[in-house]
Amino acid sequence: MREIVHIQAGQCGNQIGAKFWEVISDEHGIDPTGTYHGDSDLQLDRISVYYNEATGGKYVPRAILVDLEPGTMDSVRSGPFGQIFRPDNFVFGQSGAGNNWAKGHYTEGAELVDSVLDVVRKEAESCDCLQGFQLTHSLGGGTGSGMGTLLISKIREEYPDRIMNTFSVVPSPKVSDTVVEPYNATLSVHQLVENTDETYCIDNEALYDICFRTLKLTTPTYGDLNHLVSATMSGVTTCLRFPGQLNADLRKLAVNMVPFPRLHFFMPGFAPLTSRGSQQYRALTVPELTQQVFDAKNMMAACDPRHGRYLTVAAVFRGRMSMKEVDEQMLNVQNKNSSYFVEWIPNNVKTAVCDIPPRGLKMAVTFIGNSTAIQELFKRISEQFTAMFRRKAFLHWYTGEGMDEMEFTEAESNMNDLVSEYQQYQDATAEEEEDFNEEAEEEA
């Protein structure tokens, strides 16, 4: 079967990673000891994508937990599903990265990276046919961003033909841990542009706004934000974990979603939005779900899709519903908002339906959009980066670990290039292409 090896790095990565395993274990009927107690063959049909079947019929996540300090991993180990993970797959240092990208990427992280790669090899060897890797991490800290991107490039070297997929939490001043987040995030994006095939941008700004505005939580905690993240991660991996036709593996998803190699930053969305522990009173209809999931308020990246255009879209509907109605509603959205979809990629909206809904909901839909509006997120980070960098504020923490200012300048310009590329395709029309071809013919 086509397996995926999951890696979680740093505090944020381990917290959202642990939530992800709680949610999908529940969906597949697997309890905290790794024993199956499910009620449907669909749950086991593709279980081997994310789980290894060990002796005694126990299912063990193909997960590797990495951090430069023991704290977060101790709390994962003592958390609700802490005993399900393979004990050898906890790899941690003692020093911490102190929210410093350079420590994660060049010094402390570089010392630990070989022991992580040993575990990665061991997991990859037990796979029948490895399709790729997924990493959960944040871009604002030191370990997830610095060491996370180091791991990506090392794994890329060793497994160049496997898909690399990340769930990357983008920092925001509204939920900020550290003042140097813009530096860490820019240095990380510089790596992600080159070394990943698909990156889901999970934006703390958007998560905060959803909790505050939609769910009416006055002081959202990380627990509330992570509840949204785990619902989204469960949704975007549905096609990988349950039987179905569309985007059934990471490579097919990449082929459908990524028209140009650098533009692989996706905006996830989810509907209906519910707060932790709440029950849904009435099932939404398919038209309501479709309308909600295309709404800017339901996006997990703080970008307004109406400020850009969609290059490609994938939607995953979950629960028992009429396929015909789903197709009609999706066509309806495209016809009514045709200006928001680039016309030079016909049929750029794909829909999948899975019978098993998430826990506590009758129906739900997850949205994956490759929209040029994602440039707003990169612009936001870039502005914060430039404000500090032009005064060389806090730079000594990075140069002290052996980094050069040049690397900052390169990362800054790479991110600005990315923004211009998105803008270029936002402005491109099908007609321009024809003019372009005519010019080429004249020159020839």
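Including glycine, each Cβ sits where the backbone N, Cα and C put it.
The structure displayed is predicted, hence computed values, not measured ones.
Annotated motif 'MREI motif' per Swiss-Prot: 1-4, in sequence order, evidence recorded as similarity to another entry. If you look up Swiss-Prot, you'll see Q11, E69, S138, G142, T143, G144, N204, N226 marked as GTP binding site. Annotation comment: Swiss-Prot describes E69 as Mg(2+) binding site. Summarising the annotation, Swiss-Prot assigns region 'Disordered' to 421-444. Swiss-Prot lists 429-444 with the feature compositional bias 'Acidic residues'. The feature 5-glutamyl polyglutamate is assigned by Swiss-Prot to E438.
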Rounded to a whole angstrom, what is the largest C-alpha distance between any two of the residues Q11, E69, S138, G142, T143, G144, N204, N226 that the record assigns to GTP? 23
Within a 10 Å radius around the Cβ, which one of these binding-site residues has the most neighbouring Cβ atoms: G142, G144? G144
Tell me which residues of the chain lie with their Cβ under 8 angstroms from that of N204 (GTP binding site), as long as they are six or more apart in sequence? G140, V169, V170, P171, S172, K174, V175, L225
Whole-number mean of pLDDT values that fall within the motif 'MREI motif' (1-4): 89
List, in sequence order, the same-chain residues at least six positions removed whose CB sits under 8 Å from that of Q11 (GTP binding site)? D67, G71, T72, S138, G141, T143, G144
Per DSSP, three-state class assigned to N226 (GTP binding site): helix
The answer, for which of the binding-site residues S138, T143, N226 has its Cβ ringed by the most other Cβ atoms inside 10 Å, is T143
For G142 (GTP binding site): DSSP state (helix, strand, coil): coil
Counting across all protein chains shown, how many other Cβ atoms sit within 10 Å of the Cβ of E69 (GTP binding site)? 19
Quick check: in three-state DSSP terms, what is E69 (GTP binding site)? coil
